[in-house]
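As structure tokens, the structure follows; a few thoughts come after it.
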Amino acid sequence: MNEFKPLLGKVATGASLTRDEAAYVFDKMMSGEATPSQMGALLMGLRVRGETVEEIAGAVSVMRSKMLSVEAPSEAVDVVGTGGDASGSYNISTCASFIVAGAGVPVAKHGNRALSSKSGAADVLAALGVRIDLDPAGISRCIAEAGIGFMFAPSHHPAMKHVGPTRVEMGTRTIFNLLGPLSNPAGVTRQMVGVFAKSWIVPLAEVLRTLGSQKAFVVHGSDGLDEITISGGTDIAVLDEGRIHTFTIMPEDVGLKRHPAEDLKGGDAVHNAKALRTVLDGAEGAYRDVSLFNAAAALVVAGRAKDLKEGVEMARVSLDTGSARARLEHLVAVSEKLAPEAAQ
């Protein structure tokens, strides 16, 4: 820990850490070797100055090295958001994940309980009857048998227990809000990541490139959503075989209707679970359209659709044939069968 103080001093001057230096301090933090004061000072120093690509890459490399891994097919994708967008939206990425699975793409979904909203991915899945307490082998079985599996972040990142209390006491966004979506325990190299600010789409695409992702969309909606929105435009940074480019897309560009942002609002886990089921049952409206749009992006990232317009059509087929709904029912059944008490 004798190197922690000098590196903290470096951050205090406004200087950036190298990737190796960032890896060092985050290893100390996630090993329980840094004090709460040191952790709080470092996290706030990075936040105020602005975290760099190298710092995030160094921190993610440590988080990945300490996580409990899950085996998944190499073509598996994740659809995930950083949260922190204060939108209170319905669980868009979770619904989109079932649509993607229904289109034949394996999904390794990584998520947590609600942090800033009323219902996180773990909350709504539990309300739908999915067991979120499976071990890595059980999750791998879910992906193999149901086409989708859920990895509950706290179960796969035990080292985070060392920084959790400091994060709670700080009560503000830190670099850790960015690390979770970049630390999928299944090691997916194809992902759609939603972020809480437009300024982060290119830096996070650069981090994913540095860490070996094949293809990714990093997205931010003009209404503040950490998803692709249907109330206006969405800014997207695309990583594809080492190259990054950006574009802005509107719902009309892919044949979807525009809806006001308030129509995307959700409620608690029970409310959102009911809403998600209605979408999978074929209900029309804003929830369906925004889920189609986000699923389309994941299908492009997976290499199944050539563009977002084709992705929307593939997503429609997944919904309208009942395939997406079947993925949910299958996941509920398989996860229940593999639950800890069922194995006793």
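Here the Cβ of each residue, glycine as well, is placed from N, Cα and C on the backbone.
Owing to the predicted nature of the structure, the values given are computational and were not obtained by experimental measurement.
Annotated anthranilate 1 binding site per Swiss-Prot: Gly81, Asn112, in sequence order. Taken from Swiss-Prot, the feature 5-phospho-alpha-D-ribose 1-diphosphate binding site covers Gly81, 84-85, Ser89, 91-94, 109-117, Ala121. Residues or ranges marked as Mg(2+) 1 binding site in Swiss-Prot: Ser93, Glu227. Among the features that Swiss-Prot reports, anthranilate 2 binding site is placed at Arg167, with the record citing sequence analysis. The Mg(2+) 2 binding site feature in Swiss-Prot is assigned to Asp226, Glu227.
In the structure shown, across all protein chains, Glu227 is the one of the binding-site residues Asp226, Glu227 with the greatest number of other Cβ atoms within 10 Å. Annotation for Ser93 (5-phospho-alpha-D-ribose 1-diphosphate binding site): same-chain Cβ neighbours under 8 Å, separated by at least 6 residues, are Val79, Val80, Gly81, Gly111, Ala121, Met192, Gly194, Glu227, Asn294.
Annotation note: His110 (5-phospho-alpha-D-ribose 1-diphosphate binding site) sits in a strand segment as assigned by DSSP. Calculated from their C-alpha atoms, the gap between Asp226 (Mg(2+) 2 binding site) and His110 (5-phospho-alpha-D-ribose 1-diphosphate binding site) amounts to 15 Å. Cβ-based crowding with a 10 Å cutoff singles out His110 as the top-ranked of the binding-site residues His110, Arg113, Arg167.
Ranked by Cβ neighbours within 10 A across all protein chains shown, the binding-site residues Ser89, Asn112 are led by Ser89. Neighbour count (other Cβ atoms within 10 Å of the Cβ, all protein chains): 29 for Gly81 (anthranilate 1 binding site). Secondary structure from DSSP puts Ser89 (5-phospho-alpha-D-ribose 1-diphosphate binding site) in a beta strand. For the recorded site, Glu227 (Mg(2+) 1 binding site), the DSSP three-state label reads coil.
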